[in-house]
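A short write-up of the structure that comes next.
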Amino acid sequence: MRLILLGPPGAGKGTQAQRLVHHHGIVQLSTGEMLRAAVAAGTPVGLKAKDVMASGGLVPDDVVIGIISDRLDQSDAKNGFILDGFPRTVPQAEALDRLLKSKNLKLDAVVELCVNESALLQRVESRVAEMTARGEQVRADDTPEVLSKRLASYRALTEPLIHYYSERGKLLTVDGMMPIEQVTRDIYRVLEEAIGASDVQSRGKGAG
């Protein structure tokens, strides 16, 4: 099973990714972690990334794709993967498609966790109010104002990507505002319906 999990800040993406990893024996591929590992290992693409990062620049897409390519060749990725943090743009999605095609692999699905932004913001406001009432310090990056900016940034960046995968029949949407267990069940259900993953539901029953 080869998946991309999309969702804005606060959608619970990390929790759901870990559940899928645990129940299906697949790996979570975080571009940040892969970059750091490639740099530490001194691979050719890792050395390229190191030079760029040392100068304070953004790592080019072709270098990131090279690192993903190397990672997909490792034995633990043979059962499948969940990509985390990539792609973020349509050109990156196109490059990923070309990479997978070159390895005779295909992307099974892109799962988007949808959220009600105003409800998310209300949750944060309530939490901040409770912490303030208890005299606890609120982190500067854990405020409604910061979350609002992050949500707007995510929306602007991801909408073209969602359209790209929707056009290709890969996009599956799940309500990320439900309780964690319900979101997990819904992800298993849409995956089973979309790609015929008959063991998704049965293997997912132990989630929790």
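Yeah, the Cβs are placed from backbone N, Cα and C, and that goes for glycine too.
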Going by the ATP site in Swiss-Prot, where G10, A11, G12, K13, G14, T15, R127 are listed, which of the candidates M53, M178 is also part of it?
M178
Examine the ranges 30-59, 90-119 and name the one recorded by Swiss-Prot as region 'NMP'.
30-59
Proximal but sequence-remote residues of the same chain as A11 (ATP binding site) (Cβ under 8 Å, at least 6 apart):
L113, C114, V115, G176
Which of these binding-site residues is closest to F86 (AMP binding site) if you go by CA atoms: G10, G12, G14, R127?
G14
Closest to R88 (AMP binding site): which of the binding-site residues G10, K13, T15, going by Cα position?
K13
Whole-number Å value for how far G14 (ATP binding site) lies from G57 (AMP binding site) (Cα to Cα):
27
Hey, what's the Cβ neighbour count for T31 (AMP binding site) at 10 Å?
19
Taking only the binding-site residues G12, G14, T15, M178, which one has a CA atom nearest to the CA atom of T31 (AMP binding site)?
G14
